[in-house]
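Reviewing the structure listed below.
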Amino acid sequence: LENGLARTPPMGWLAWERFRCNVNCREDPRQCISEMLFMEMADRIAEDGWRELGYKYINIDDCWAAKQRDAEGRLVPDPERFPRGIKALADYVHARGLKLDIYGDLGRLTCGGYPGTTLDRVEQDAQTFAEWGVDMLKLDGCYSSGKEQAQGYPQMARALNSTGRPIVYSCSWPAYQGGLPPKVNYTLLGEICNLWRNYDDIQDSWDSVLSIVDWFFTNQDVLQPFAGPGHWNDPDMLIIGNFGLSYEQSRSQMALWTIMAAPLLMSTDLRTISPSAKKILQNRLMIQINQDPLGIQGRRIIKEGSHIEVFLRPLSQAASALVFFSRRTDMPFRYTTSLAKLGFPMGAAYEVQDVYSGKIISGLKTGDNFTVIINPSGVVMWYLCPKALLIQQQAPGGPSRLPLL
C-alpha cells in the first residue's frame, strides 16, 4: 500500500500470543488485557533500549472492546479494563515516542466474540480509530464469508485513507483464503494493505515455528515477489522470551524472520524477559539487516539431505545476509561449502561478520571453502559486504581493483 508507511517491516510489541484473551483482571491483574498492560509495555519499550532500536508499535489485539457498541453504534473499550479510554492510551503511548495499534475484525464478531466490523460499519469504525489517534489497524477475518472479505478489506483501506490520519493497515485476509493464488490475489493485497498474515497463528512451540518456516519457504516463489517497502508478508509474532523455544531455537526464529523481511512484533512479557532473550531481540546488526531499505525478502537457496538449509537475503550496497540452519537433532554439525557454491560471483572477496558472535572474517574469497558449526535446531548467520571485485582490464597497467557496486 503506497501510503508512505511501513517502508521497512514494522517493529514493536503485540499482546496476543503471550496474553491472549485473558480478561480476568480481578484475579490476574498483571496479565489481563487492560490499559495497565499496554502502559507498562510502553514504559518498557521506551525505557529498556527497545525504542532506539526501532521497536515502536504497541499493538492491542482482541478482547479490548466492550461487549456492545454504544448508543451511536460506535465501538467502545471495556469500561472496567480501559477506564480512561483508547484516546488516553494513545496519548500515553505517543508521549513516549511510540505508536499505537488496535485490533478489529471484519465480520459479525471478533475471533474472541467481541463486536466485529460488518460491512455497514467499516467507515464508522475507521473514523473512530482515527479520532482515537490510532497509528495501525490489524483487521482480522473471523465470522465473515469470502465474499464479505473481498468487499470489506479494500473498503477498509479506502475508509482509513479518507480519515486523513496515517494508519498502517495489517490484513488477515489471505490467511482466511489459504494463503495462495488463485484464491489470494497478492497484486491486489499489495495495493490495499501494508502487511498481511498469510498463514496460521503462531503458538508457543518450536513445531509451530517450523510449520510457518516450512510453509513460507515451500511457497517462496509465490510469496517473495510481493514483499517490499510498504507491503510485507507477515509470518506472525516473535515468541522469543516465552516458554516454548530453547535458546538455539530463539536465535533461529529471529534469524529466519529477518531473512524473510518479516515484521518484528514481539509477544512476550517485557517486564520479566530474560537477559538472553533480550539480547537476541536487541541484536543491532540483526535489526539493521531486517530493516534494510531495499526490503527484499530472502529465500531458501539450499536444502541438504543432511538436514542443513541455507537462506540468502540480498541487501543494499551489494551486501547480503546468509543463514545456515540445522534441523538436526543429534549434535553440532560441521557444514562445509563455499560462496561460489552458494551462487556468489567469482573473483570477489567479502568481509564477513557473524551476526550473533560478532566475529569477523576478512577477505573471504568466493572460491574459498569454509566450515560453519551449526547447533541442533540452531543457526549461524552471516552479514557479508563485498571488499572489491577483481576485474581484468585490457587497459595498460594490468588488473585494477574496482569497488563492487
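Glycine too: its Cβ is placed from the backbone N, Cα and C atoms.
These features come from Swiss-Prot:
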- CYS21-CYS63: disulfide bond (DISULFID)
- CYS25-CYS32: disulfide bond (DISULFID)
- ASP61, ASP62, LYS138, SER172, ARG197, ASP201: substrate binding site (BINDING)
- CYS111-CYS142: disulfide bond (DISULFID)
- ASP140: active site, nucleophile (ACT_SITE)
- ASN161: N-linked glycosylation site (CARBOHYD)
- CYS171-CYS193: disulfide bond (DISULFID)
- ASN185: N-linked glycosylation site (CARBOHYD)
- ASP201: active site, proton donor (ACT_SITE)
- ASN369: N-linked glycosylation site (CARBOHYD)
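Considering only the recorded positions CYS21, CYS32, ASN161, CYS171, the residue whose Cα is spatially closest to the Cα of CYS111 (disulfide bond) is CYS21. Here the disulfide-bonded residues are CYS25, CYS63, CYS111, CYS171, and the one ringed by the most other CB atoms within 10 angstroms is CYS171. Each of the recorded positions ASN161, SER172, ASN185, ASN369 was assessed for Cβ neighbours inside 10 Å, and the highest tally belongs to SER172.
When the alpha carbons of ASN185 (N-linked glycosylation site) and SER172 (substrate binding site) are compared, the span between them is 13 angstrom. Sequence-ordered, the extra residues of this chain that approach the substrate site, with Cβ no more than 8 Å from the Cβ center of ASP61, ASP62, LYS138, SER172, ARG197, ASP201, are TRP16, TYR103, CYS111, ASP140, SER170. Across the structure, CYS25 (disulfide bond) and ARG197 (substrate binding site) place their CA atoms 29 angstrom apart. Across the fold, the C-alpha of CYS21 (disulfide bond) and the C-alpha of ASP62 (substrate binding site) stand 7 Å from each other. Restricting the recorded positions CYS32, CYS63, ASN161, ASN369 to those with a CA within 10 Å of the CA of LYS138 (substrate binding site) leaves an empty set.
Here ASP140 (active site, nucleophile) is compared against the recorded positions ASN161, CYS171, ASN369, and the shortest C-alpha distance is to CYS171. For ARG197 (substrate binding site), the count of additional Cβ atoms within 10 Å of its Cβ stands at 25 [all protein chains shown].
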